[in-house]
Amino acid sequence: MANDNGIKHFIDLSTVPATELRAILEDAKARKARLKAGEVERPYAGKVLAMIFEKLSTRTRVSFDVGMRQLGGETIMLTGSEMQLGRSETIADTAKVLSRYVDAIMIRTTAHERMLELAEYATVPVINALTDDTHPCQIMADVLTYEEHRGPIKGKTFAWMGDGNNVLHSLVEAAARFDFNVNIATPKGSEPKSQYIDWARANGAGIMSTTDPEKAASGADCIVTDTWVSMGQEDHARGHNVFIPYQVNANLMAKADPKALFMHCLPAHRGEEVTDEVIDGPQSVVFDEAENRLHAQKAILAWCLQDRGLGA
């Protein structure tokens, strides 16, 4: 999404045209191949990425930090306790100040509106590294991972099991952008927000919703799940017993296509949303997903910065 000043923000998959998302994905594949071949690329030497963490994360911090360093740049980490974002200083003022110091801002936060406000007032690119509503960087890594293992994602069917959370919201947006289908199995009361489903359907995604996990898994090309309780939402979580039928185990995987993959954004609560047998099994690509956060995010950074005359 480009604002009135031509700044490219990576807000959500719904805010970036399908052609540009595909270009980012192909760039990620190419950058990964060059890295594996030992090529060194440092187009952003001297550039700085500010990383705002109001919700901490191993994968997000390390993958963005390493990614920016591999591109030749540097990072600075700012935690919520250090910044008091929106408390001792308004989000708008913080955005304006940081824009004078750094070349891009990544934010991992709670309320989606906080990230949107930061992007509204920043004069450098803002990247959504996670909010309570969406997780677009993760899903770009997931699409990359699927295509590495199984080829084009177009026309395939993903089956989601468990809580209708931020990862699912970005998954259905990806379904519209990359032309695949999503079968959603959630217990009553844990459905995804309707605005994301409505947008995905209006933009061509095939979305099926059910409370029956076996129905959702039937013939699927990939089964995806996440923790039953998201970080920071433990006090509002429903009892785990309602999610037990949605555990991804060998019996549920057997309902999918024999070549189906298993995905999880990690960290996983083994024995809850997924069994050891599945997550450590031959259909699991969870650690490829984790690695591909690095490559996808490098391509996202490049997309955000290229049109600002900052390398390639």
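Placed from the backbone N, Cα and C atoms, the Cβ positions cover glycine too.
As recorded in Swiss-Prot, the features of this protein are as follows:
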| type | residues | note |
| --- | --- | --- |
| BINDING | Ser57, Thr58, Arg59, Thr60, Gln84, Arg108, His135, Pro136, Cys137, Gln138, Cys265, Leu266, Arg293 | carbamoyl phosphate binding site |
| BINDING | Asn166, Asp226, Ser230, Met231 | L-ornithine binding site |
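The Cβ of Ser57 has fewer other Cβ atoms within 10 Å than any other of the binding-site residues Ser57, Asn166. All protein chains considered, the CB of Cys265 (carbamoyl phosphate binding site) has 24 other CB atoms within 10 Å.
Asp226 (L-ornithine binding site) sits 29 Å from Gln84 (carbamoyl phosphate binding site), counting Cα to Cα. Taking Cβ-Cβ distances under 8 Å and a sequence gap of 6 or more within the same chain, the neighbours of Arg293 (carbamoyl phosphate binding site) are Arg59, Thr60, Ser63, Cys137, Gln138, Ala141. Each of the binding-site residues Arg59, His135 was scored by other CB atoms within 10 A of its CB, and the lowest score goes to Arg59. Around the Cβ of Cys137 (carbamoyl phosphate binding site), the number of neighbouring Cβ atoms within 10 Å comes to 26. Here the binding-site residues are Gln84, Asp226; the one with the fewest Cβ atoms within 10 Å of its Cβ is Gln84. Here the Cα atom of Cys265 (carbamoyl phosphate binding site) is found 11 Å from that of Asn166 (L-ornithine binding site). Asn166 (L-ornithine binding site) is 15 Å away from Ser57 (carbamoyl phosphate binding site) when you measure Cα to Cα. Taking every pair among Ser57, Thr58, Arg59, Thr60, Gln84, Arg108, His135, Pro136, Cys137, Gln138, Cys265, Leu266, Arg293, the residues listed as contacting carbamoyl phosphate, the largest Cα to Cα separation comes to 28 Å. Distance noted between the C-alpha atoms of Gln84 (carbamoyl phosphate binding site) and Asn166 (L-ornithine binding site) is 24 Å.
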